[in-house]
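Taken from TrEMBL, the feature transmembrane segment covers 12-31, 43-62, 82-107, 119-138, 158-178, 190-212, 267-286. What TrEMBL lists as domain 'DUF4396' is 79-218. Sequence annotations record features per position, and here TrEMBL assigns region 'Disordered' to 226-246.
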């Protein structure tokens, strides 16, 4: 990289960092305007830390209440539910992936092959996403049992993780080959590369999450805004909202009595799609 190119890239990295800081600050101070649960709030913060101003844009478009009393209707569209599901996945996966990349980068990553590097990041991202963000934080949605949550969230997390990693591989591998210094967390370029890689990962994971939310295999967004109905209706609706995933996950696995395509076959298709895009990404950068 020439001195001029290095200066220009450095300027972009600094600008991106400033925009990311401003975006995170806005979400923190705007917290009351998005009546969502704490887990999703933290997910949006993490995503915005890593994805910069794009995280703020998604926050405004999907969960920031435009008018008082309209939040439940505002987050209801399926595409917004899918965005929430995707970002929740990306938040958990990113902690594991970037955490592993930082540790590897600090301990002489040049001695570790690219394939092994990616494998470690993949495993770390999946475990953090599955064990903590999907199962521990969301266990109340599947009856309160952590073991039940582990069982029910394994497949959805794995399918979504494949999309996230596919997008990240497509960005990280060519970038590091062109600029080996980007593998070091001491460089601002490392963090900028990771931001763009996560954006690519979120884009590829979104269709997978859209399908899983539509099929009731993953949760979307939930509002904590008080309803204006009676107390009994509020309790009933609140309970239904939190039990939606647990109920529909099991119901969705049953055979359609009208002879339509079973949910098992649909899961097979989405699994092939998820594995396929990960394989395609690996093939594109290594073959």
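Placement of Cβ uses the backbone N, Cα and C atoms for every residue, glycine included.
Tertiary neighbourhood of the transmembrane segment (82-107): same-chain residues 39-40, 42-44, 46-47, 50-51, 55, 58, 61-63, 75, 117, 120-130, 132-134, 157, 160-161, 164-165, 168, 183-186, 190, 194, 198, 201-202, 205-206, 209-210, 212-214, 218-221, selected by CB-CB distance under 8 Å and a gap of 6+ residues from either end. Counted over residue pairs separated by six or more positions, the transmembrane segment (12-31) shares fewer than 3 Cβ pairs under 8 angstroms with the transmembrane segment (158-178), which leaves the two as not touching.
For the transmembrane segment (43-62), the list of distant contacts is 16, 19-20, 22-24, 26-28, 34, 75, 80, 83-84, 87-88, 90-92, 94-95, 98, 133, 194-195, 198-199, 202, 221: same-chain residues at least six beyond its ends, Cβ to Cβ under 8 Å. For the domain 'DUF4396' (79-218), the predicted model reports an average pLDDT of 93. Residues of the domain 'DUF4396' (79-218) grouped by DSSP class, helix first, strand second and coil last, total 122 helix, 0 strand, 18 coil. Outside the transmembrane segment (267-286), and at least 6 residues removed from its termini, the chain residues within Cβ reach (under 8 Å) are 115, 155, 158-160, 162-163, 165-167, 169-170, 173-174, 204, 208, 211-212, 217.
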